[in-house]
Amino acid sequence: MVSEKVLPFHVVESGHAPLDSGHARLRELGYKQELKRDLSVVSNFAFSFSIMSVLTGVTTVYNTGLNYGGPVSFVYGWFIVSAFTMIVALPMAEICSSYPTSGGLYYWSAKLAGPRWAPFASWITGWFNIVGQWAVTTSVDFSLAQLIQVIILLSTGGKKGGGYEASRYVVIALHGGILIVHGMINSLPISFLSFLGQMAAIWNVLGVFVLTILIPSVATERASAKFVFTNLNTENGEGISSRPYIFLLGLLISQYTLTGFDASAHMTEETKDADRNGPKGIISAVGISIVVGWFYILGITFAVTDIPSLLSEDNDAGGYAIAEVFYQAFKKRYGNGSGGIVCLVIVGVAIFFCGMSSVTSNSRMAYAFSRDGAMPLSSLWHQVNKQEVPIYAVWLSVSISFCMALTSLGSIVAFHAMVSIATIGLYIAYAFPIFFRVTLARKHFVPGPFNLGHYGLIVGWVA
């Protein structure tokens, strides 16, 4: 359980730069700054935006969406999930403005639940949050390993042409290698990570823009508007015939993509004017992802003409739907699929950035959670190095994410389990502090600079 007393930290001596509002608020909450406060609002936004990464989420779970509902699940499901995601993000931003700490959700729950419920509320919220985050890193880096395997397969002739198809052991080795690289990058100073985070945001926006225009333009066969906006695929091979249930299962593609915006909260102790810029990071990351994501989904889906062939494990991409869309679009137009492979590399770089930012968010959560004594070996995980980076928390996150992926050696279903754990675990963690805000704390909550005013309780209950 989270201790009532925080562990001792470096005292900020006189003579340093004046405290900004977020730093001052941090000290009021009982913490003394230990991490460098170098991030601007753009950098804070970039971490959440690159974790939400439309190119990562939509590409990774597109097969699931095609199998359960198809275009209708994409187009309309995206709007439904987007609307409710923004409704969840708004009260989270309001609470973040009041409590700008790296702990984020678990700390909010402790403060909002009151003294009686604080230990349990913070403990349960924190563990759902951190396990969900580890599952996000696992699913993201494992999906990158899978994509690399598909790129290699297509580059060597495709499945139909006898291309090299890596075993599950090779895929898990790729996954481990990617995690090590992400751990090494996250061991560097936050100023460097800030630069990479901004690059990631730019790459995601430009990547979506390029692929949304390029793929439908290159494709020799395009879907009709009627297919894109009215086709509900009920042929899922699982014997599920209920249309409402199929539609709900198809929402996973939207829900998984629009997850991870709590990263802005976990980065607040490294953000200037965190009580203002943290909330801005949350709202802007969700809002821009909603718009960019819908255009990406539309662009790709207009290039879909035969769902069964895209999902077939006997196609050139081995059943990886978006890879097959890209590859076939260029192959039918130009006689070879090299252009499609280049497009997959664009997606792969976005996924790489997503995993990098995910490890950053993981490590800050683990750092803060252990700072309050809520994890085994807490005294180790909250230590920082000379660059003021929680180095042990970084490698803890990397190690656990690798161990979670080992289950894939038994069954690929494990990957879908990671996606589900990431989505469900994080949204449960999002729900707890909002619930305490509208119930136990409804009379004593003191809002920060960003607040919803009289609408706070209404929006909170809908969330």
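Each Cβ is built from the backbone N, Cα and C atoms, and glycine gets one as well.
No curator has checked TrEMBL annotations; they are predicted automatically.
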Annotated transmembrane segment segment (source TrEMBL; candidates 41-62, 129-150): 41-62
Grab the same-chain neighbours of the transmembrane segment (282-304) for me: Cβ-Cβ under 8 Å, and only residues 6 or more beyond its ends, written as numbers and ranges. 45, 48-49, 52, 54-55, 57-58, 62, 66, 71, 74-75, 78-79, 82, 85-86, 89-90, 92-93, 96, 204-205, 208, 211-213, 215-216, 219, 222-223, 227-228, 254, 257-258, 261-262, 264-265, 310, 322, 325, 329
Could you check whether the transmembrane segment (41-62) packs against the transmembrane segment (389-407) - three or more CB pairs closer than 8 Å, residues at least 6 apart in sequence? no
Seg_contact(the transmembrane segment (339-359), the transmembrane segment (170-195)) with at least 3 CB pairs under 8 angstroms, min sep 6: yes
If I count Cβ-Cβ pairs under 8 A between the transmembrane segment (389-407) and each of 74-96, 170-195, 201-219, 413-436, which range comes out on top? 170-195
Count the Cβ pairs between the transmembrane segment (413-436) and the transmembrane segment (170-195) that lie under 8 angstroms and are 6 or more residues apart in sequence, then report whether there are at least 3. no
